[in-house]
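Asks: Below is a structure I'd like to ask you about.
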Amino acid sequence: MQARFHPIWVQLPSKLQDALLPYAGNDDFPAMLTAEQAKSIKKACGFDDNTLAVALLPLAAASSLTPISHFNVGAIARGESGNLYFGANMEFAGVPLQQTIHAEQCAITHAWLLGEKRLASVTVNYSPCGHCRQFMNELNSGTQLEIHLPKQASSTLDHYLPDSFGPNDLGITTLLMDPVNHGYKLETTDKLVLTALDAANQSYAPYSNSYSGTALLGKDGIIYPGRYAENAAFNPSLPPLQAALILMNISGGDCLAIERAVLVEGKHSDLSQRSATQSILAALGCSKFDYYTF
């Protein structure tokens, strides 16, 4: 079992420990459960979907990186596939607070990067902040996305974000998590660059058309892709580096052990991720940064 889960594990109900151990007990546990694994755990514990998601929140929060607030938040995104994806808040010392990743963003992006096509629900320790409500409003689940909190009645996003402004108001029909391929190409055989290019081709930027993707090579040899996720309200947009850091951290990697990073974006885009990406990477101790444009 990964060390980050040890402190919280003993606090879980024994029945849940027994049901989870075959999956979470492995060092390569990817902080997600397949639909079949979730079904097995629900049967063993007598849980329904919502009860299981709430029970998993402490385990999800164990992946938080909070050097500034020391306040850990966990989230579980349930895909329409039945898969459960963990999420946790992430902070980075030495960079502006605006670069913080919220637990809901983490869980949603985790699901998106692993190929989930639509979410059924998001479960979180605390009521979603306005930033996250607006971020979720970009999803193809729409305002009927279910939001679950411990010891509270379930509601939909429409309840948390009434009279919302979102992609529909701007005539956007392809939404976040809808499968896309923008078709950009680069002449290279560099695996890390090709991974970043693939991420850019699956990125979501309907407002600026500034598609971008990153790829991080961890010192453990694992490659982590990240896609840009734009938002109708602009500020809640998630940069591609943060998406890659989400996958790196939630998968058990070390965000302070990045061997090399690549950013790929359009040469004539209205905005660029380059300077912000370099700045954050420097704060994380990564100096090997390559930049490519299509």
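Numbering starts at 1 and runs along the chain as it is shown here.
Glycine is no exception: its Cβ is also placed from the backbone N, Cα and C atoms.
Pulled these features from Swiss-Prot for this protein:
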- 48-168: domain 'CMP/dCMP-type deaminase 1' (DOMAIN)
- N89, M90, E91: substrate binding site (BINDING)
- H102, C129, C132: Zn(2+) binding site (BINDING)
- E104: active site, proton donor (ACT_SITE)
- 187-294: domain 'CMP/dCMP-type deaminase 2' (DOMAIN)
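Can you tell me where each of these features sits in the structure?
Replies: Cβ-based neighbour count (10 Å, all protein chains) for M90 (substrate binding site) stands at 25.
According to DSSP, C132 (Zn(2+) binding site) is assigned to a helical segment.
Using a 10 Å Cβ-Cβ cutoff, E104 (active site, proton donor) registers 25 neighbours.
Residues in the domain 'CMP/dCMP-type deaminase 2' (187-294) partition by DSSP class (helix H, G, I; strand E, B; coil) as 32 helix, 28 strand, 48 coil.
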Asks: List, in sequence order, those recorded positions among N89, M90, E91, E104 whose Cα sits within 10 Å of the Cα of C132 (Zn(2+) binding site).
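Replies: For C132 (Zn(2+) binding site), the recorded positions whose Cα atoms are within 10 Å come to E104.
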Asks: What recorded positions in the list H102, E104, C129 lie within 10 angstroms of N89 (substrate binding site), counting C-alpha atoms?
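Replies: Of H102, E104, C129, within range: H102, E104.
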Asks: With an 8 Å cut-off on Cβ-Cβ distance and a minimum sequence separation of at least 6, pull the same-chain contacts of H102 (Zn(2+) binding site), or say none.
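Replies: H102 (Zn(2+) binding site) has long-range Cβ partners V73, N89, C129, H131, C132, F135.
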Asks: Cα of E91 (substrate binding site) to Cα of E104 (active site, proton donor): how many Å, rounded?
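Replies: Cα to Cα, E91 (substrate binding site) and E104 (active site, proton donor) are separated by 14 Å.
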Asks: State the count of C-beta atoms found within 10 angstroms of the C-beta of C132 (Zn(2+) binding site), not counting that atom itself.
Replies: 22
